[in-house]
Amino acid sequence: ILWRVDEKGFIYSSILNSTTTRFLQASDGLVVSEDLLDLGQNYFLSVLSVGAPTALPVILRLNLIVKASSCVEPGQDPREPHCSGKGNCITEPSESTFFCECEDGYTGSFCEEFDACHSRPCSNNGTCADIRQGLDGRDFACTCPSGSFYAYCKLWCCRYIHGSPYYFSLIFLVVVLGYRSATCEQKVNQCDSNPCHNNATCHPGPLGFDCSCPAGFTGPTCAQLVNFCALNPCAHGVCRSVGDNYRCLCVPGYHGLYCEEEYNECLSAPCQNYATCRDLINAYECICPPQYEGRHCEIYKDPCLKVHCNNRGYCDSAGLNASCVCPPGYLGKKCEIDINECKSTPCHHGGTCIDQSNGFSCHCPPGWVGPSCEIC
């Protein structure tokens, strides 16, 4: 049997305010149902008796950490390589999730995006923008300083022929994104290739295109899910993105859409014998009347358990008070005093008094008999 405890009980090896949990035994360890484990830290204690019956018990401590997510994109086969095969899935003891540490040139929560600007291809202080999303996307666009026309921010010139712009290279011929070639071919519409994902709207521009993303998506081509958990909406729990929404996994003791409501464990009236229940976080405390004890005040405290009467006396209780009722011949709080009946000199005519339990006897001189040597 494992005792589920809180962090304080785990540190001090205390099973007070704990609950019991039975795990299934398997050949290679314990089989634990997912329903029995909460997200984050889970603390358990097990008390074992080792050796002789009088030997002190051995307490085993078990700390289980349940992580919130893996390194495979939602909806993918979990057998797929973690981090898109372009990074390492790592975690830290203090972290509640796993995360991907990507190789150079790859970005994204799952290393799913190749950064075509990683090699800094734009010259002359030009700004690089990654165009195509995904692991195989190698296209980029350079935003160059104003006043000139550039490919990779190399010097170009512009002429208008019949009212339309045409571009010519002054240095070398090269195919440039946005233009059919450098040999006087007209600029093409970048939205013709449908670069925007997830039903986004494409807007062509002088240096490329812009995507207007629908709700739940973001990124240059609307290929990335919005991270709803970035604003930490869960008051007392861990946020997990689910499709185009999110879900709060509450810590024990809280519930609600945002884990903002605390459970009141006293609503189930766990305390007995008119005890007062005090609600705690993921726990409760019973404040017992004076004559009761136990976690639920279910144990009657008999005052006679602490009273020990001697000489065949017995304990009599009334409420919280208890006292000894002594047999004849004894008195005192514990009936420990034997009454000496010889003090009253009951033996006549020189008889010798012998004190006895609850009485006396007389040793009479010659010529006298009777209980008190009163008969000649």
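Just so you know, glycine gets a Cβ as well, placed from its N, Cα and C.
Copied over from TrEMBL, here are the features:
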{"type": "DOMAIN", "residues": "75-112", "note": "domain 'EGF-like'"}
{"type": "DISULFID", "residues": "CYS83-CYS100", "note": "disulfide bond"}
{"type": "DISULFID", "residues": "CYS102-CYS111", "note": "disulfide bond"}
{"type": "DOMAIN", "residues": "113-154", "note": "domain 'EGF-like'"}
{"type": "DISULFID", "residues": "CYS144-CYS153", "note": "disulfide bond"}
{"type": "DOMAIN", "residues": "187-223", "note": "domain 'EGF-like'"}
{"type": "DISULFID", "residues": "CYS213-CYS222", "note": "disulfide bond"}
{"type": "DOMAIN", "residues": "225-260", "note": "domain 'EGF-like'"}
{"type": "DISULFID", "residues": "CYS229-CYS239", "note": "disulfide bond"}
{"type": "DISULFID", "residues": "CYS250-CYS259", "note": "disulfide bond"}
{"type": "DOMAIN", "residues": "262-298", "note": "domain 'EGF-like'"}
{"type": "DISULFID", "residues": "CYS288-CYS297", "note": "disulfide bond"}
{"type": "DOMAIN", "residues": "300-336", "note": "domain 'EGF-like'"}
{"type": "DISULFID", "residues": "CYS326-CYS335", "note": "disulfide bond"}
{"type": "DOMAIN", "residues": "338-374", "note": "domain 'EGF-like'"}
{"type": "DISULFID", "residues": "CYS364-CYS373", "note": "disulfide bond"}
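Between the domain 'EGF-like' (225-260) and the stretches 75-112, 300-336, 338-374, it is 75-112 that has the most C-beta pairs under 8 angstroms. The Cα of CYS326 (disulfide bond) lies closest to that of CYS297, out of the disulfide-bonded residues CYS83, CYS102, CYS222, CYS297. With a threshold of 8 Å between CB atoms, the same-chain residues lying at least 6 positions outside the domain 'EGF-like' (300-336) that come near it are 273, 290-293, 357-359. The two recorded residues CYS335 (disulfide bond) and CYS100 (disulfide bond) have their Cα atoms spaced 80 Å from each other.
CYS259 (disulfide bond) counts 20 other C-beta atoms within 10 Å of its own C-beta, drawing on all protein chains shown. CYS250 (disulfide bond) carries a strand DSSP state (E or B). With a 10 A radius on its CB, CYS326 (disulfide bond) counts 21 other CB atoms from all the protein chains. On a Cα basis, CYS111 (disulfide bond) lies 16 Å away from CYS222 (disulfide bond). When the disulfide-bonded residues CYS111, CYS229, CYS288, CYS373 are ranked by how far their Cα is from the Cα of CYS259 (disulfide bond), CYS229 comes first. Counted over every protein chain shown, other Cβ atoms within 10 Å are most numerous around CYS83 among the disulfide-bonded residues CYS83, CYS100, CYS229, CYS297, CYS364.
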